[in-house]
Each structure stands twice: as C-alpha cells, then as structure tokens.
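The GTP binding site annotation in Swiss-Prot covers 11-18, 61-65, 120-123. According to Swiss-Prot, the feature region 'Small GTPase-like' maps to 1-191. The region 'Disordered' annotation in Swiss-Prot covers 169-191. Annotation source Swiss-Prot lists motif 'Effector region' at 35-43.
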Amino acid sequence: MGKSCKVVVCGQASVGKTSILEQLLYGNHVVGSEMIETQEDIYVGSIETDRGVREQVRFYDTRGLRDGAELPKHCFSCTDGYVLVYSTDSRESFQRVELLKKEIDKSKDKKEVTIVVLGNKCDLQEQRRVDPDVAQHWAKSEKVKLWEVSVADRRSLLEPFIYLASKMTQPQSKSAFPLSRKNKGSGSLDG
C-alpha cells in the first residue's frame, strides 16, 4: 500500500453523497431510509486499483451545498481527487457540479488532481431531469470521467472508484530530463 490519498466528495444537498460512500464502503445503505444532513465526515477505505494494489483512500464527505454556497477553502488543500455528485432527477444539482468543477480548476494551482463525476439515482428514470448525453458531452469537454450510478446497485459504484484510486496512484513516469552521471554535480545539462 502506498500513500493515503485525500478525496473530497461534494455536490448539492440531498444528491446522495453520504449514501454512495456508505454503500460503497460498508454495503449498508437502505434505499428510502431517512436522510440525515451531513456536516462533514471522513471515511477511510481500501480500494484495489486496476494494477491489483490496494490503496488507502480518505474520503472527505462534505456538507451539501445550498444557495450559492462555495466549497470550504480547506477542501482544496492537499487534495488528490474529487468526486462531484449530482442527482439525475435534478437539473440544478448538475449545474452545481459544473460550477464546482470551475471552482476546483481555479483553486488547484498547477497540481494534478483526478476528478470523477457521478450522476446518482439513475434508476429513477421517470423522474430524470438531466439528459445523459448532455452530461457526457460536458464531461468530455471538461476532460473528466462521468458515470451514472445508483445507490440501490452497489456494483454500479465500483468502476468509478477503482478508476479514481488507480488514476491517483499511478506510478510517476520517469523524468523528461534524465541526468547522466557525468553531469550530476555540474549543473549543466549539455554533454
């Protein structure tokens, strides 16, 4: 196991952020159970990457954002990844994700962070308000991966989180500027 990664889970209130984490990590979410508003919680999980390595991930479950409120500033420091959650039955929650993505882009400096977008409640087809093609087109233009998921189907949650853990813990590629032995101490890059 390598370093522990910090992932901030954010989105509008009542889109299912906590339910997603509870179902993913513990398999104990009951659809239709009473919603309790989250202030802020931390969940720790061990996720097997696509390389077969288990990585520890700390999920910062944030309070649902309401009425133009921004993500707290501490959510931007030392963060390796973000899970932006909207509900497929709420156009407003998708618009909030679009704003969050812009906020993250402004705040992340030059640091590389992995962003995954989840459209929750995809099983509620008759209440759908977010066109999946529009959402995928937006995700592609923003260079983020988007999955539609349902807390009722735990398997739908696995792929996005395996992708997230795998992407955040990719081995660093070799430097584009390898120094040969004879140059190491000279400070000169020419042979």
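Glycine too: its Cβ is placed from the backbone N, Cα and C atoms.
Recorded features from Swiss-Prot, shown on the structure.
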{"residue": "GLY11", "record": "GTP binding site", "Cβ within 10 Å": "28"}
{"residue": "SER14", "record": "GTP binding site", "Cβ within 10 Å": "14"}
{"residue": "LYS17", "record": "GTP binding site", "Cβ within 10 Å": "25"}
{"residue": "THR62", "record": "GTP binding site", "Cβ within 10 Å": "21"}
{"residue": "CYS122", "record": "GTP binding site", "Cβ within 10 Å": "21"}
DSSP-derived structure type at CYS122 (GTP binding site), helix or strand or else coil: coil
